[in-house]
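Asker: For reference, the structure I am asking about is given below.
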Amino acid sequence: MAKEKPILNVAFIGHVDAGKSTTVGRLLLDGGAIDPQLIVRLRKEAEEKGKAGFEFAYVMDGLKEERERGVTIDVAHKKFPTAKYEVTIVDCPGHRDFIKNMITGASQADAAVLVVNVDDAKSGIQPQTREHVFLSRTLGITQLAVAINKMDTVNFSEADYNEMKKMLGDQLLKMVGFNPDNIDFIPVASLLGDNVFKKSENTPWYNGPTLAQVIDGFQPPEKPTTLPLRLPIQDVYSITGVGTVPVGRVETGIIKPGDKVVFEPAGAVGEIKTVEMHHEQLPSAEPGDNIGFNVRGVGKKDIKRGDVLGHTTNPPTVAADFTAQIVVLQHPSVMTVGYTPVFHAHTAQIACTFMELQKKLNPATGEVLEENPDFLKAGDAAIVKLMPTKPLVMESVKEIPQLGRFAIRDMGMTVAAGMAIQVTAKNK
């Protein structure tokens, strides 16, 4: 059997009307990931509903409700092969109220493709586009390509393409720390397929790569094997004849039998006896591996979901308090000092109190708008100081980004998301 191609996760971001789903549908179709018969059927369905031209987007919008509304809601995962990779597409929604998905979606991505409508050069960059690019950057995405879409609506005009390219570079990408000179801007017409997988004859003035070729040129993610071991516990089983078997996904570092380990904040110390994945014993496990492991010296009652495993020589950080950069996504009123919602960080769910509102930021650029604001409302970005009400493992995103991100939930919805930029460790 040939060695499997490495997987590359690519987030598709941008304003809802830029044609993201159509671009993704076209990549899947021309990449051979969709049965052409399905497209014929969907085309008929789209025409009957008076939405001719939406058939590729239908591929991504599996949900019936989404079909009728013409809006992508959940993060949809689809795969297609390129020469080098098995590409998994994370199709991030475009509307404001779906930024939460954007945050969870983008944080799984190795690279992003920003899809924009060439016509936006006349009306200006959409606020949602700014927010998506800023969030992607905040979430650690460093590889970006830009698909300037709907080129067919401007007769494949090179002047319009150049105007859009310059505007994005000057008014957005440079501001958030991307260098436009290192970014490919591909003129595409996703509905027709121009420059998506196949080189277009309509853009003789463009000598660059197609979108699929640009995706193929992204660098594969490096597994964070050199970072300290961090493994958030999902469940703990007690197996007769074996003992305590915690399970979870290795986020960073390497785990192997014989390792001396500690679970925080539980404080339980033990030694790894065996590591298993899919019922097979492994000599070691690395980031991305979902494993079960047996620990000598630790009982089922000593540890629980939300604890994080690390080596005794470099234990996980239990936060006394932490400073974070957050984006408020939705909130019926305002957030003030003393507000104590539930934080979802790795596998833990712990209430944390807002101790200080230090700075209010422009969500599109990160610049400081106000020092020590009285409150935060939906749409605000901010730097805040937080204190967990119970022991919680949190790492600074500068040191171990995989354990520095969180979502904040209250009243049955995600009200904010963010990342820890500084953590004060609890004294033992």
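Backbone N, Cα and C define each Cβ position, glycine as well.
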Asker: Labelled region 'G2' by Swiss-Prot, one stretch among 70-74, 95-99, 135-139. Can you tell me which?
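Answerer: It is 70-74 that Swiss-Prot annotates as region 'G2'.
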Asker: Of 149-152, 277-280, 409-412, which range does Swiss-Prot call region 'G4'?
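Answerer: Here Swiss-Prot associates region 'G4' with the stretch 149-152.
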Asker: To which of the residue ranges 14-21, 286-293, 294-301 does Swiss-Prot assign the term region 'G1'?
Answerer: 14-21
Asker: Write down the single range among 91-94, 123-126, 251-254, 387-390 that appears in Swiss-Prot as region 'G3'.
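Answerer: It is 91-94 that Swiss-Prot annotates as region 'G3'.
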Asker: To the nearest Å, how far is the Cα of S21 (Mg(2+) binding site) from the Cα of M151 (GTP binding site)?
Answerer: 16
Asker: Counting only residues 6+ away in sequence within the same chain, which have a CB under 8 Å from the CB of M151 (GTP binding site)?
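Answerer: For M151 (GTP binding site), the qualifying residues are V118, S157, D160, Y161, P187, V188, A189, D194, N195, N202, T203.
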Asker: What is the number of residues in the region 'G1' (14-21) that are helix, strand and coil, as DSSP sees it?
Answerer: 5 helix, 0 strand, 3 coil
